[in-house]
Amino acid sequence: MATHKLLLLPGDGIGTEVMAEVSRLIDWLNKAGIASFETEHGLVGGAAYDADKVAITDATMALAQASDAVIFGAVGGPKWDGVPYDARPEAGLLRLRKDLGLFANLRPAVCYPALADSSSLKRDVVEGLDIMIVRELTGGVYFGEPKTITDLGNGQKRAVDTQVYDTYEIERIGRVAFDLARKRRNKVTSMEKRNVMKTGVLWNEVITAVHDREYKDVQLDHQLADSGGMNLVKWPKQFDVIVTDNLFGDMLSDIAAMLTGSLGMLPSASLGEVDAKTGKRKSMYEPVHGSAPDIAGKGMANPVAMLASFGMALRYSLDMGALADKLDEAIAAVLAKGLRTADIKSEGTTVISTSQMGEAIVTELQALHA
């Protein structure tokens, strides 16, 4: 049995609480002989700043580079609002993405049947929803130069952000989306704004070319990003895999998140290039929710997104898809029994703590393996 090296970075706020439930799961998998994991722990975000006056140390980055997957909690909180800009908690997350070359962000939006009534949309619109949004993570307007605010000297200022994409950046994110679709329902929807943006024109051309050259078996369609956002709310189950740029992906994934009822349910993955020699890629897995300092330490945090993020690591980095499927089944079964953390409670359900939810999911997984 192969041993997988994991780096656990709990971070700040509820990050430590939800990561404890991943550790619980890993401990059981090791003891049961189902898998073999070696884990390292590190500081990131505000916790790293308190210890070392940086958002992540070089030593922790070295551990990340050497790991098979990084499991990340959450960073930030008002405690660190006054720290230097380059040492702010979020800088640790940005350095991990940059130094590991994580260009593809995978954001699934799944609505469990037991939670269909928690969505702001009607049950028949969201029940059974299963979308994967593939967001380009290292290019586009967030990173393009120049990025300036200029004083024009006449009482006015001018702000400039630059949207830039090269062909190779679009090709590689397109391949990630098409490869995912082949393992799902075989459909990709590409979203951009080709009607008003030159980057949208190039995006459309390159995605189409990659499809026609390498993925003719996958259904491809195109939507403008604004109408795509409308369709996510109007008829979300038309989508399988959505591929889009950094800016639109940021927006569309948050829209999709709210279809499911709670940010506490949503995992994510960030993937790098496949190494030609090893066949592996750098990767990081994290819940979509933040550090939620208002509930930190109260045992109220929902650990499902964190556990589901670990499930994505099993699937996309560790070649343990069958175990990932069982973990998904265990989560669904616990929810079907009416067990809830406070963020997803509803009439007739039982509210339990963070640790109780984690324990219930591991117990359900044990039963599935019995």
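Every residue, even glycine, has its Cβ placed from backbone N, Cα and C.
As recorded in Swiss-Prot:
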type    : residues                      : note
BINDING : 77-90, 290-302                : NAD(+) binding site
BINDING : Arg97, Arg107, Arg135, Asp226 : substrate binding site
SITE    : Tyr142                        : site 'Important for catalysis'
SITE    : Lys193                        : site 'Important for catalysis'
BINDING : Asp226, Asp250, Asp254        : Mg(2+) binding site
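A simple Cβ count within 10 Å picks out one of the binding-site residues Asp81, Asp226, Asp250, Asp254 as the most packed, and that one is Asp250.
For Met300 (NAD(+) binding site), the Cβ neighbour count at a 10 Å cut-off comes to 18, with all displayed protein chains included. Taking the C-alpha positions, the distance from Asp254 (Mg(2+) binding site) to Met300 (NAD(+) binding site) comes to 22 Å. Among the recorded positions listed here, namely Arg97, Arg107, Tyr142, Lys193, Asp226, Arg107 has its C-alpha nearest to that of Met300 (NAD(+) binding site). For Arg135 (substrate binding site), applying a Cβ distance below 8 Å and a minimum sequence separation of six or more within one chain yields Ala104, Asn105, Leu106, Arg107, Thr244, Asp245, Asn246, Gly249, Asp250, Leu252, Ser253. Local packing around the Cβ, expressed as the count of other Cβ atoms within 10 angstroms, is greatest for Tyr142 among the recorded positions Tyr85, Tyr142. According to DSSP, Asp226 (substrate binding site) is assigned to a helical segment. With a cut-off of 8 Å between CB atoms and residues at least 6 apart in sequence, the same chain places Gly11, Asp12, Val44, Gly45, Gly46, Ala48, Tyr49, Ala55, Val75, Gly76, Gly77, Trp80, Val83 near Pro89 (NAD(+) binding site), listed in sequence order. The substrate-binding residues named in the record, Arg97, Arg107, Arg135, Asp226, extend over a maximum Cα to Cα distance of 27 Å. Candidate binding-site residues: Ala292, Ala296. Fewest other C-beta atoms within 10 angstroms, Ala296. It is 35 Å from the Cα atom of Asp81 (NAD(+) binding site) to that of Lys193 (site 'Important for catalysis'). Checked against Ala296 (NAD(+) binding site), the recorded positions Arg97, Lys193, Asp226 differ in C-alpha distance, with Arg97 being the nearest. The recorded positions in question are Gly77, Arg97, Arg107, Lys193, and the one with the fewest Cβ neighbours inside 10 Å is Arg97. Tyr85 (NAD(+) binding site) has its Cα within 10 Å of the Cα of none of the recorded positions Arg97, Tyr142, Lys193, Asp226.
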